[in-house]
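Q: Please read through the structure below; I'll follow up with questions.
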């Protein structure tokens, strides 16, 4: 650790976080901030080369992404008001489960056909690429630029979806992994250990601990033991402990963190929401930047050279068909009936955000495009590499992750402006 490469990493990470703090709001008008972190990691790799074995880099990346995604889903949950959570649960629950299943199947088929992989191996990669990344999605749908151009129903639903499906991707990924390990007993292990314990029990524990922590923080706030500005810090330190606990008892810690955040937000009310909004502007960068830098440092350039043609074809198909067709189907099923106008801003302030995110075709195009693949996929890719040690996994997943970050990072600002223009034209 005491080497020029390590200190250069610290320097580049600190400088990138500092620069994003100074210019992040303005930068979002041009490109998404994660691109700057990728560039910093690529610069480090260019100067120092591969500073340690790839397995060690992937292990460090997995750990940092675990923190980043855990904090990301928790901060998303804490930004939601209790009435927003109740409003989003119905449509959001359908969206998370149906969209995830559809995205998993489509991505699996694309990867299997393009790369010629066995179905179970392709299903692992499909599950890795399924979740909508909460950290990168938040960088797109938060801040003054997003609030000016994107309605709350789209921003809140995309945040809710990304928080929910990041934890549930655990279910999808471990089914093919367990079947690859043991085709006979894999189903039973998946249903009992993964499904009932690691996901269902984790959710119950997360909700219970989140509610208890919220009640305790509310009592401490009422007694004057904790200030308003300390609520978010106290909430995040609780999340650190929760993430560690859920890992110790071998459960889905990301899913538990999201549900604990929802319970905490419901118990604490608007005060923690205001603190979470302020944290979102810069707090996510603390874990996002070093994680993305490690990703760029671990990119297998040599292996990419052997798959670049198939990789570009797969990337184009994944970006076009992984998400948009499923969202269009859900739009047809969930769109409001004729004569049901959108609730007013006053109604949404009182009753919760509009639970129908798709009210026009341009809503579907925007929402269907902006389901970025990012840190959550890096986290699951690291876990899959550790579980299977299949040399085909990392080159393919890293190529598609990098392609998604570039595509969504470069299109975030112009597509947001196009969406806002289409919405104005629709109203006129």
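Glycine residues also receive a Cβ, built from the backbone N, Cα and C atoms like all the rest.
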Q: Can you check which of 190-210, 253-273 TrEMBL lists as transmembrane segment?
A: 190-210
Q: Using a Cβ-Cβ cut-off of under 8 Å, list the residues of the same chain that are 6+ residues beyond the ends of the transmembrane segment (231-249) and lie near it.
A: 66-67, 70-71, 74-75, 78, 202, 205-206, 209-210, 213, 217, 220-221, 256-257, 260-261, 264, 268, 271-272, 275-276, 278-279, 283
Q: Determine which recorded stretch among 92-115, 121-146, 167-184, 190-210, 310-334 has the most C-beta pairs below 8 angstroms with the transmembrane segment (364-384).
A: 121-146
Q: Short question: most Cβ pairs under 8 Å with the transmembrane segment (92-115), which of 121-146, 167-184, 190-210, 310-334?
A: 310-334
Q: With a Cβ cut-off under 8 Å, give me the same-chain residues at least six positions beyond the ends of the transmembrane segment (190-210) that come close to it.
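A: The answer is 167-168, 170-171, 174-175, 178-179, 242, 245-246, 250-253, 255-264, 267.
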Q: By Cβ distance under 8 Å, which residues at least 6 away from the ends of the transmembrane segment (6-23) in the same chain are close to it?
A: 33, 36-37, 40-41, 43-44, 47-48, 51, 282, 285-286, 289-290, 293
Q: Near the transmembrane segment (167-184), which residues from the same chain, at least 6 beyond its ends, have a CB less than 8 A from one of its CBs?
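A: Long-range Cβ neighbours of the transmembrane segment (167-184): 73, 96-97, 100, 104, 120-121, 123-124, 126-128, 130-131, 190, 194-195, 198-199, 252, 254-259, 376, 380, 383-384, 387-388.
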Q: When you scan the chain for residues with a C-beta under 8 Å from the transmembrane segment (60-80), skipping those not six or more beyond its ends, what do you find?
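A: For the transmembrane segment (60-80), the nonlocal Cβ contacts are 88, 133-135, 138, 156, 159-160, 162-163, 166-167, 232, 235-236, 239, 243, 253-254, 257-262, 264-265, 272-273, 275-277, 279-280, 283-284, 287-288, 290-291, 294-295, 298, 375-376, 378-379, 382-383, 386.
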